[in-house]
Amino acid sequence: MKIGVLALQGAVREHVRQLEAAGATAVTVKHAKEFADLDGLVIPGGESTTISKLMREYQLTEPVLEMHRAGKPVFGTCAGLIMIAKQIDGQEDAHLGLMDVSVKRNAFGRQRESFEVEIPVKKVADDFQAVFIRAPYIEKAGEGVDVLAEVDGKIVAAQQGTLLGVAFHPELTEDIRFHAYFVELVRQSLAVSVR
Ligand SMILES: NC(=O)CC[C@H](N)C(=O)O
């Protein structure tokens, strides 16, 4: 199993380390030709406007959409969640527009720009240390979306089939359980496609 980490911006190495600790082979990717043999993709945090601009420059939008169409799991963290959302509050256009959620950027306000809180994450852990950095939250989720975690009544982690979106940074802790959950999702998708 080979999982790619989009290496345009953000905590790329940390994601690679967590995926490998969870038993996957992880590689950094930023050229279109590197996507074809991936079984899953992680889109790290950073600045969604910058990531989006770089994705267009490197012509990576279509390779990612193609992976999604082929049933390969995509995991977006923080700005990565904004990248996969179908709707962004206050913006006309979405970026990749894959997951049936509407997100609000920098949504926790100035006083709580960055914070950490231990929260239960459904199917992942009852005590996950969640690190938020100018994080978005999900303000609306469609019917097919499974809410995995909330903070102050705001959705901060969700899954829709092969799509996993998280407002915080599971790569910035030593806890590999979120990445292990994604690796398992990739494993399951391979079992289905090999059938
Ligand atoms: N840590 C992050 O990824 C922050 C996301 C960033 N505020 C954005 O809107 O894209």
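Using N, Cα and C of the backbone, Cβ positions are placed for all residues, glycine too.
TrEMBL annotations: computationally assigned, not manually curated.
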Further binder of L-glutamine named by TrEMBL next to GLY46, GLU47, SER48, ILE133, ARG134, taken from the candidates ARG13, ARG17, ARG105 = ARG105
Remark   = Within 8 Å of the Cβ centroid of GLY46, GLU47, SER48, ARG105, ILE133, ARG134, the other same-chain residues by Cβ around the recorded L-glutamine site are GLY45, CYS78, ALA79, ILE82, ASN106, ALA135, PRO136
Inquiry  = Within 10 Å of its Cβ, which one of these binding-site residues (ARG105, ARG134) has the largest number of other Cβ atoms?
reply    = ARG105
Task = Select the most exposed residue of CYS78, ILE133, where exposure means the fewest other Cβ atoms within 10 Å, treating these as the recorded positions.
result = ILE133
Length of the line joining the Cα atoms of ILE133 (L-glutamine binding site) and HIS169 (active site, charge relay system), in Å = 8
Ask   = If you count the C-beta atoms lying within 10 Å of each candidate's C-beta, which of the recorded positions GLU47, GLU171 ends up with the smallest number?
value = GLU47
